[in-house]
Amino acid sequence: MAFNDLLLQLGGVGRFQKIQVTLVILPLILLASHNTLQNFTAAIPTHHCRPPADTNLSEDGDLEAWLPRDGQGRPESCLLFTSPQRGPPFPNGTETNGTGATEPCPHGWIYDNSTFPSTIVTEWDLVCSHRALRQLAQSLYMMGVLLGAMTFGCLADRLGRRKVLIFNYLQTAVSGTCAAFAPNFPAYCAFRFLSGMSTAGVVLNCMTLNVEWMPIHTRAYVGTLTGYVYSLGQFLLAGMAYAVPHWRYLQLLVSAPFFAFFIYSWFFIESARWYASSGRLDLTLRNLQRVAWINGKQEEGANLSMEALQASLKKELTTGKSQASALELIRCPALRRLFLCLSMLWFATSFAYYGLVMDLQGFGVSIYLIQVIFGAVDLPAKLVSFLVINNVGRRPAQMASLLLAGICILINGVVPKDKSIVRTSLAVLGKGCLASSFNCIFLYTGEVYPTMIRQTGLGMGSTLARVGSIVSPLVSMTAELYPSVPLFIYGAVPVAASAAIALLPETLGQPLPDTVQDVENRRRGKTRKQQEELQKQMVPLQASAQVKN
């Protein structure tokens, strides 16, 4: 009897699974807010240079006399006349309203606070020559996510999913709250970096802890539900940012609830599958009996003895006592193939995804509306993804989502700028496909890696995703060469990466592999049941050989 059979015997999707899955995925609502928070906390309002202190700002003429005009007749954002220019304005706004010398804003800036009363941009003047610092803050957050994925993925395979998850909740709460009270920009960046580390750990361990407690036939449901909860977080972020436009209060609003998540996470039950893979049979038995009691299967739990558990999980116990390191992903041929292919998928999905979602102000419409639309498109996209994942397979779902996303982005690159509705529609469709790709790849990665290195594999995949999210803003700088170059790159990468899916196994309806040998058998087309039958056939042959000897 394999581990999946034990779960079914002890209630399948019982009261325990429903309660723990709900509590584990609840923090993901606010996790979506952390990832794209700077769309609002670092929004750039309309601004222009502040004139000298003795200027009468209540008089439009006095203010206009200090402000040069750009080619479209708008005030320059980063230049100020060295002396007021009182001459009449030029017609059609084609030239500046004076011929005097200009200088970068020596007295600071005046911001339009009608939409964004307070952001890190307005508080620390991250505009003009300091504009790159705004992107630096987001890049540092993503670097934190990258380091967190590398660190907490490996730690969870060694220390357990529950312990690492509890620590991640606390770190997110503390670092996020400290960021809300940051006295200066360097301190803000440091706390955001720490927040990024912990949010990566939350995502990885939430998904793994849930998957390892669920029977085979329900894993796709859990993966899709997790994706929907993340999408709900995008809706919630738009509403919270609209209701709480001050960046410090918004930062605190999405961080403080993690103190509550930290408190109730102490009641989570550690993965019995991880205990078994670690060779800790006593704790495996204890947790399975606790789950049986919660699910109302007291008799089945009482009948589950140490001997029965050893017989059921013989292979897990004999092969899982040695902990695997991240180097196994490269050393072992079977794992190396999975690692390389999945790395391309993780990188491509995140690279294109953040290329779209971190440039909401570039659409030319309300940033709150775009945030809601980007969240809304996930609902039908993930429903279609779920149906394909659960009925057709993981591979078709992953390939279709990446290909369609890349094609939509590539088409967007050739659509004229004045076709804003068409461009926005294609971007929204592409974003929905990329959200579906994320939904699938989290589930898919957890199913192809063996238990002994599953969390490490997820962590390395998330690491590659973070590399994509860090590189993505740099690619946007190629727009200076030609406006559509970033879109061509964002579209080409997922299309090219989709070819790697052909080298991955289908996992629909398959048991989770526990060892590297399971991965090898799957690659060779052998199921666990076939292996057990082969071993049974070998027993009489071995006995016959012993008699002859």
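Along the chain as shown, the residues are counted starting at 1.
Note that Cβ sites are derived from N, Cα and C of the backbone, with glycine treated the same way.
Quantities reported herein were computed from a predicted structural model and do not represent experimental measurements.
Among the features that Swiss-Prot reports, N-linked glycosylation site is placed at N56 (among others).
Taken from Swiss-Prot, the feature N-linked glycosylation site applies to N92 (among others).
Sequence-distant neighbours of N113 (N-linked glycosylation site) (same chain, 6+ apart, CB under 8 A from its CB) are P45, T122. DSSP assigns N113 (N-linked glycosylation site) to coil in the three-state reduction, placing it in neither a helix nor a strand. Per Swiss-Prot, N-linked glycosylation site is recorded for N113 (among others), and the stated evidence type is sequence analysis.
Here Swiss-Prot flags 521-549 as region 'Disordered'.
Taking DSSP states H, G and I as helix and E and B as strand, the topological domain 'Cytoplasmic' (1-23) has 16 helix, 0 strand, 7 coil. If you look up Swiss-Prot, you'll see 1-23 (among others) marked as topological domain 'Cytoplasmic'.
Swiss-Prot lists 45-135 (among others) with the feature topological domain 'Extracellular', giving sequence analysis as the kind of evidence.
For the topological domain 'Cytoplasmic' (157-164), the DSSP counts in helix, strand and coil order read 7 helix, 0 strand, 1 coil. Summarising the annotation, Swiss-Prot assigns topological domain 'Cytoplasmic' to 157-164 (among others) and lists sequence analysis as the type of evidence.
Per Swiss-Prot, topological domain 'Extracellular' is recorded for 186-195 (among others), and the stated evidence type is sequence analysis. Tertiary neighbourhood of the topological domain 'Extracellular' (186-195): same-chain residues 34, 120, 136-137, 140-141, 143-144, 171-172, 175-176, 178-179, 255, selected by CB-CB distance under 8 Å and a gap of 6+ residues from either end.
What Swiss-Prot records for 217-224 (among others) is topological domain 'Cytoplasmic'. As a whole-number mean, the pLDDT of the topological domain 'Cytoplasmic' (217-224) in this prediction is 76.
Per Swiss-Prot, topological domain 'Cytoplasmic' is recorded for 270-337 (among others), and the stated evidence type is sequence analysis.
The topological domain 'Extracellular' annotation in Swiss-Prot covers 359-368 (among others).
According to Swiss-Prot, the topological domain 'Cytoplasmic' annotation covers 390-395 (among others), on the basis of sequence analysis. Listed by sequence, the residues of this chain that lie at least six past the ends of the topological domain 'Cytoplasmic' (390-395) yet keep a Cβ under 8 A from its Cβ atoms are 220-221, 440, 443-444, 447, 501, 504, 506-508.
Counted with DSSP, the topological domain 'Extracellular' (417-425) comes out as 6 helix, 0 strand, 3 coil. Among the features that Swiss-Prot reports, topological domain 'Extracellular' is placed at 417-425 (among others), with the record citing sequence analysis.
Annotation comment: Swiss-Prot describes 447-456 (among others) as topological domain 'Cytoplasmic'.
Per-class residue totals from DSSP over the topological domain 'Extracellular' (478-484), listed helix then strand then coil: 3 helix, 0 strand, 4 coil. According to Swiss-Prot, the feature topological domain 'Extracellular' maps to 478-484 (among others).
Positions annotated as topological domain 'Cytoplasmic' by Swiss-Prot: 506-549 (among others).
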For the topological domain 'Cytoplasmic' (217-224), residues assigned helix / strand / coil by DSSP: 8 helix, 0 strand, 0 coil
Recorded stretch that, among 24-44, 165-185, 196-216, 485-505, has the most CB pairs under 8 Å to the transmembrane segment (225-245): 24-44
Interface check, the transmembrane segment (396-416) with the transmembrane segment (249-269), three or more C-beta pairs under 8 A: no
Stretch-level contact, the transmembrane segment (249-269) and the transmembrane segment (24-44), CB cutoff 8 A, at least 3 pairs: yes
Paired segments the transmembrane segment (24-44) and the transmembrane segment (196-216) in contact, 3+ CB pairs under 8 A: yes
